[in-house]
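Peer 1: Please see the structure below; I have some questions.
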Amino acid sequence: MAAKPVLYYFNGRGKMESIRWLLAAAGVEFEEVFLETREQYEKLLQSGILMFQQVPMVEIDGMKLVQTRAILNYIAGKYNLYGKDLKERALIDMYVGGTDDLMGFLLSFPFLSAEDKVKQCAFVVEKATSRYFPAYEKVLKDHGQDFLVGNRLSWADIHLLEAILMVEEKKSDALSGFPLLQAFKKRISSIPTIKKFLAPGSKRKPISDDKYVETVRRVLRMYYDVKPH
């Protein structure tokens with residue numbers, strides 16, 4: 001029996017959360033090693049297993065993979081979530097690129113000042129509802145299927161659901177003008193593996209709190225202020 005993937009990151013969302021989502025949607029159990037001290041991080045650095053001296057890092061199939069996109073590409077391909085041919089893969093990459101951009105606006109959110117959080121929240125909601133959600137609403141309308149690409153679940157669907165839920169944490173009715181996305185959210189959330197991941201007690205991480213921010217700053221020695229996009 002193959003060993004479970006091992007995820008090295010902080011006990012919070014950050015860049016690892018999309019990896020957790022993808023593994024969970026594929027029905028893959030995984031283990032996690034949480035970075036909690038500077039000494040622990042330096043030990044990893046000294047071991048040489050962090051190719052570019054940064055996390056996320058995932059041990060899978062005898063490899064120690066870094067770079068979030070490379071990790072996600074591998075998982076999507078391994079578990080048949082990356083389309084049936086090159087054309088579908090290109091569409092998946094394009095749609096994931098869009099949701100990546102949207103979620104990127106939220107990645108730094110926990111590290112912002114209270115004043116900047118208010119500004120960034122309004123910025124994210126505006127971008128989501130004026131640029132990104134209309135685009136995916138149109139994709140669903142034009143494609144006419146239950147999924148964004150082809151007629152089966154792909155990484156693009158999983159990533160979009162993750163992005164939708166993140167935006168709804170900032171504005172609960174963000175999907176009010178997008179009926180196809182509302183139906184999409186309900187449909188994808190009902191897939192058994194995803195439903196399990198969304199249920200209490202899963203390895204899905206909550207909204208990052210002050211403890212998470214403090215840990216990341218301490219481990220990475222982040223002594224600078226983070227500014228909104």
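Cβ coordinates come from backbone N, Cα and C, glycine included.
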Peer 1: Just to be sure I read the record right: GLN54, VAL55, GLN67, THR68 are listed as binding glutathione in Swiss-Prot. Which of TYR9, TYR132, TYR136, TYR212 is listed for the same site?
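Peer 2: Only hit among TYR9, TYR132, TYR136, TYR212 in Swiss-Prot's glutathione site, alongside GLN54, VAL55, GLN67, THR68: TYR9.
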Peer 1: Around the glutathione site recorded as TYR9, GLN54, VAL55, GLN67, THR68, what other same-chain residues have a C-beta within 8 angstroms of the site's C-beta center?
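Peer 2: What remains near the Cβ centre is LYS15, MET16, PRO56, MET57, VAL66, ILE71.
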Peer 1: Which numbers of helix, strand and coil residues does DSSP report for the domain 'GST N-terminal' (3-83)?
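Peer 2: Counting residues by DSSP class gives 33 helix, 16 strand, 32 coil.
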Peer 1: If you count Cβ atoms within 10 Å of the Cβ of VAL55 (glutathione binding site), leaving out that atom itself, what do you get?
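Peer 2: Other Cβ atoms within 10 Å of VAL55 (glutathione binding site): 22.
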Peer 1: Between GLN67, THR68, which of the binding-site residues has its C-beta surrounded by the fewest other C-beta atoms within 10 Å?
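Peer 2: If we count Cβ atoms within 10 Å for the binding-site residues GLN67, THR68, the smallest count is at GLN67.
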Peer 1: Report the DSSP secondary-structure composition of the domain 'GST C-terminal' (85-207) as helix, strand and coil residue counts.
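Peer 2: DSSP classes over the domain 'GST C-terminal' (85-207) add up to 89 helix, 0 strand, 34 coil.
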Peer 1: I need the CA-to-CA distance for TYR9 (glutathione binding site) versus ALA2 (blocked amino end (Ala)), whole Å please.
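Peer 2: So the Cα of ALA2 (blocked amino end (Ala)) lies 22 Å away from that of TYR9 (glutathione binding site).
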